Amino acid sequence: MGYLVKLACGLLLPLATADVNLAQQPFGEFEWQPKFDTPSGDHTSCAVSRLSAYEVGEGPVSFSLSPTEHPEIPKLSTINSTVWEQWEFDAVSESGTGSVLMGFSRDPSYSFFGQGNLRVEFYMTLEDGTRIQELEYTESSTVIDCPDSIRGIWNSSDRSYAFEISRDMQRARVWWDTGREKGSIAIESTTTPHLADGEIWPPEEGESRVKKSWPSVKLSPGLYMSQPIAGGKVTAHVQIGKKTMSITGYGAHSRLWAENSWFKICRGWQIMRGFLGPYTISYWRPLSRLDDWVPYFAAHLFKHGRLVFTSQVGAPSQQVDYTQFHSDFSGNVSGSLADKATGRVLEFVSPSTGKTWRFHHRHFAKMFEMGFGGGRGLTGFLDEIVGGEVGTDEEFTGRGFSEQVLLPDEIKQWQIWVVYGIGFLGRWKNTVTNLVLSIW
């Protein structure tokens, strides 16, 4: 428990009265952890949400759809056999050759693996082209809601992961240490926190919330989202064995929570992030399984940190802002699954202002890929992006990433085990998974 005191009182600030019992893996000295100033304040009234690996509530749980509740605090009172939530962080280097993507989840979807409901998904591309895919299960998960920040700790006897987000959501930090791998990510936001429908959080002074039948946090049926950091400046430091990597570039942080597993609520999705010149791009296009094959949209475009475009419409309109999404096949990098697109063209169209922005995402390198058979599966790319406002002399270049996913109509548990249960195989998982998929 000594390390716990050090972690809570040192790295994550004193929690004078919060009862945080996290007696797991010590964080050690963490010489690699970046130092940063944290605002002073009263830390005697922190709320603690704690789950153990196999803890599951019986029956319904509290499931928040509130647009006024702070985006970072837990949206579920606990988890039952279906609901889940995630804190996601990502970074891409200025060169476009290095990347890190991490997701901290409380999710019972794959409890049949027998490893519990708490996991950290970890995807990394090193500058030398090395790709790393990790799925780690932990023994405990604790989220600490304090007046100045929200902190999370996913922890086991031999590995630890942690994050901290300032309450104004302008800064985020992530740390991890698995013995073989350790690292940190620091994000300084350049954008405004917002909800799935583009509503700024909190509302600007004098602005009142419009009552809607569709919750502001709803991304698609059963799936909910907020984006505390749609884009920001990133520094990351990673050590894997004797290899080290430092990234200076761009990144983001999202919150997701859902009423059931990805396989039950979605048939697939497209996600795109982009950072070029004064622009930050965020585009989500889930394909609903609950509302058969209907695509839903959440498109946000920032310029100089200000939200200049937001829409949940994906078809041309004369009345409301909308987005257009097209596949491109003229490039050199594609996935090995059925979708052979080498990039996407994304347009943001505003009839009310007469403005259109067009951005071409060209796949630069593959970040990860996992197949489910029949050409379906998940592929992530590092992208090179070119674009700007149409009809002007704007033509900026930058970096980003994208995901393309198509899930099978039916999926057996052993197939999920191959793809998502790779953590069950420990350090041999990539070798075994690649072997299985090569003969599938």
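Cβ atoms here come from the backbone N, Cα and C positions, even for glycine.
Among the features that Swiss-Prot reports, signal peptide is placed at 1-18, with the record citing sequence analysis.
Marked as N-linked glycosylation site by Swiss-Prot: Asn80 (among others). For Asn80 (N-linked glycosylation site), the count of additional Cβ atoms within 10 Å of its Cβ stands at 16 [all protein chains shown].
Annotation comment: Swiss-Prot describes Asn155 (among others) as N-linked glycosylation site, evidence class sequence analysis. The DSSP secondary structure for Asn155 (N-linked glycosylation site) is strand. With a 10 A radius on its CB, Asn155 (N-linked glycosylation site) counts 24 other CB atoms from all the protein chains.
Swiss-Prot lists Asn332 (among others) with the feature N-linked glycosylation site, giving sequence analysis as the kind of evidence. Taking Cβ-Cβ distances under 8 Å and a sequence gap of 6 or more within the same chain, the neighbours of Asn332 (N-linked glycosylation site) are Thr342.
Between Asn80 (N-linked glycosylation site) and Asn155 (N-linked glycosylation site), the C-alpha separation comes to 20 Å.
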